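Below is one structure, written out as structure tokens, with a few remarks after it.
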Amino acid sequence: MAQRETWTSRAGFIFAAVGSAVGLGNIWSFPFQTASNGGAAFLVVYLLAVFLIGFPTMLIEFTIGRRSKQNAVSAFAELGYGDWTFAGAIGVFASFITLAFYSVVGGWVISYIVGSVTGAYLGDAGAYFGSVSSGLVAVGAHAVFIAVTIGIVAFGVADGIERATKFMIPAILVLLVGLAAWASTLPGAGAGYSYYLSPDFSVIASNFADIVPAAMGQAFFTLSLGFGVMIAYASYLGRDDSLPGDSAIIVVLNTIVALLAGFAVFPILAATSGVGDASGGAGTAFIALAGAFGQLPAGQIIGLVFFVVLLFAALSSSISLLEAPTSYVVDSQGMERRTVAIGIGAVAFVLGIAPAYGYVGLFNDLVFNVLLPVAVLFIALFVGWVANREAVDELGRGSSIGEGATTIWLWWVRIVVPIAVIVTLYLGVTSFYTGLTTGAYF
Ligand code: PFF
């Protein structure tokens with residue numbers, strides 16, 4: 001078999017992993033989830049979820065990936081625990097399902113870039129969203145988005161993924177900082193910030209059962225955990241740099257992008273239609289923001305910049321979603337990467353036709369509420385209770401953390417992570433089931 005690829009440098013790996021983490025979840029979902037769930041109060045719960053549960057979970061995936069040098073499915077057998085293959089398979093399945101609906105939303109973004117150039121959404125953003133978000137236009141844009149994703153993955157780990165993310169991540173950061181700075185000059189910016197960040201702990205107290213799974217689900221989703229993606233990415237590490245150090249950089253950068261997105265979005269809304277009506281999630285984000293661009297001087301250009309940022313964020317994530325199943329087939333069947341990427345992308349395209357006709361919510365919640373927590377639970381139990389100490393010690397290789405820190409992490413992964421995930425899973429499954437039985441998704 002051909003030699004397995006590796007990243008060309010430590011920075012290459014970090015850019016790719018940040019690219020996976022920074023996505024629609026940061027820029028599209030995060031600000032609106034925060035605003036509608038109690039502002040700064042939600043932020044506290046979310047940051048706790050990211051740093052106390054997400055960060056140690058990222059270390060689990062990195063440890064499995066670098067130790068096994070295999071994709072998420074084959075990794076378990078490689079480490080000598082073939083019975084646990086299912087744990088990785090759930091994640092890879094989740095990444096495949098996510099790719100299908102993520103690409104549909106990526107297609108919306110493409111339509112909004114076109115709309116920014118033509119000015120089509122400036123007059124009536126709601127009508128524009130209606131015309132591009134489902135039906136043939138949505139399927140077409142989804143096809144374009146997934147084709148670009150396939151194109152990048154087909155080029156390989158270093159020449160495709162690493163090169164693309166090295167360009168896209170700095171661009172996202174620079175453009176978002178610019179957008180946030182520009183937004184701060186708008187009249188009413190202060191009202192936007194206070195809507196975004198004013199803590200309302202009573203919202204948390206009264207909606208605890210919704211907010212905890214929302215914050216945890218968002219933490220896993222935004223860090224790309226539970227998909228096998230970070231296992232695959234760490235498996236391409238050819239050298240031993242500090243896994244905790246790399247993770248910390250990735251988690252912090254990802255958080256900065258999410259926060260920055262809020263600092264760009266809310267002043268813009270406050271300066272135009274007002275912030276209150278933007279709290280209704282998916283469609284409203286595209287509608288309220290796009291409507292705001294229609295009311296601002298230079299709004300068309302600002303809109304273009306915003307949707308280009310969103311496109312880069314979406315693409316740098318979708319390539320990781322395609323990479324997880326692709327690396328599995330390439331590793332296990334020895335097939336050519338390009339053929340595999342095209343084949344898997346084509347199947348994801350077909351599956352994505354359902355969300356392109358209105359089932360984004362169903363796909364999203366299946367992943368968020370069910371598949372992710374299940375996958376994370378099993379990999380945590382695996383590293384916590386099953387894997388031998390030699391495999392666990394992979395965490396500290398190349399880093400200055402000692403045996404003691406590894407042991408603390410191990411106990412954290414044994415006890416705290418599973419408990420947090422089980423609570424999340426229970427609440428998430430309950431709400432998904434309610435959605436199914438009340439017909440909310442259909
Ligand atoms: N982290 C991405 C986001 O926040 O949009 C979503 C995602 C990408 C999840 C890649 C999982 C993944 F493998």
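Any Cβ shown, glycine's included, is placed from N, Cα and C.
According to TrEMBL, the features are:
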- 12-31: transmembrane segment (TRANSMEM)
- 43-64: transmembrane segment (TRANSMEM)
- 84-114: transmembrane segment (TRANSMEM)
- 134-157: transmembrane segment (TRANSMEM)
- 169-196: transmembrane segment (TRANSMEM)
- 216-236: transmembrane segment (TRANSMEM)
- 248-270: transmembrane segment (TRANSMEM)
- 301-319: transmembrane segment (TRANSMEM)
- 340-360: transmembrane segment (TRANSMEM)
- 366-387: transmembrane segment (TRANSMEM)
- 408-429: transmembrane segment (TRANSMEM)
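Below 8 angstroms of C-beta separation, residues 96-97, 99-101, 103-105, 107, 134-135, 138-139, 142-143, 146-147, 149-150, 153-154, 282, 322, 325-326, 329-330, 333, 441 of the same chain, each at least six residues beyond the ends of the transmembrane segment (340-360), sit close to that stretch. Ranked by Cβ pairs under 8 Å to the transmembrane segment (12-31), the stretches 43-64, 84-114, 169-196, 248-270 are led by 248-270. In summary, the transmembrane segment (169-196) does not lie against the transmembrane segment (84-114): fewer than three C-beta pairs, each 6 or more positions apart in sequence, are under 8 Å. In summary, the transmembrane segment (408-429) lies against the transmembrane segment (43-64): three or more C-beta pairs, each 6 or more positions apart in sequence, are under 8 Å. Panel annotation: around the transmembrane segment (84-114), residues 23-24, 28, 71-77, 120-121, 129, 132-133, 137-146, 149, 226-229, 231, 286, 290, 303-304, 307-308, 310-311, 314-315, 317-318, 320-322, 324-325, 328, 344-345, 347-349, 351-352, 354-356, 359-360, 363-364, 366-367, 371-372, 374-375, 378-379, 382, 386 of the same chain, lying at least six beyond its termini, place a Cβ under 8 Å from a Cβ of the stretch. Residues 14, 17-18, 21-22, 25-27, 30-31, 34-35, 47, 50-51, 54-55, 58, 172-173, 176-177, 179-180, 183-184, 186, 188-193, 195-197, 222-223, 278, 288-289, 292-293, 296, 302, 306, 313 of the same chain, all 6+ positions outside the transmembrane segment (248-270), place their C-beta atoms under 8 angstroms from a C-beta of that stretch. Looking at 134-157, 216-236, 366-387, the range that has the most CB pairs within less than 8 A of the transmembrane segment (301-319) turns out to be 134-157. Counting residues 6+ beyond its ends, the transmembrane segment (366-387) has Cβ neighbours under 8 Å at 57, 60-61, 63-64, 76, 79, 81, 84, 86-88, 90-91, 93-94, 97-98, 101, 213, 216-217, 220-221, 225-228, 410, 413-415, 417-418, 421-422, 424-425, 428-429, 431-432 in the same chain.
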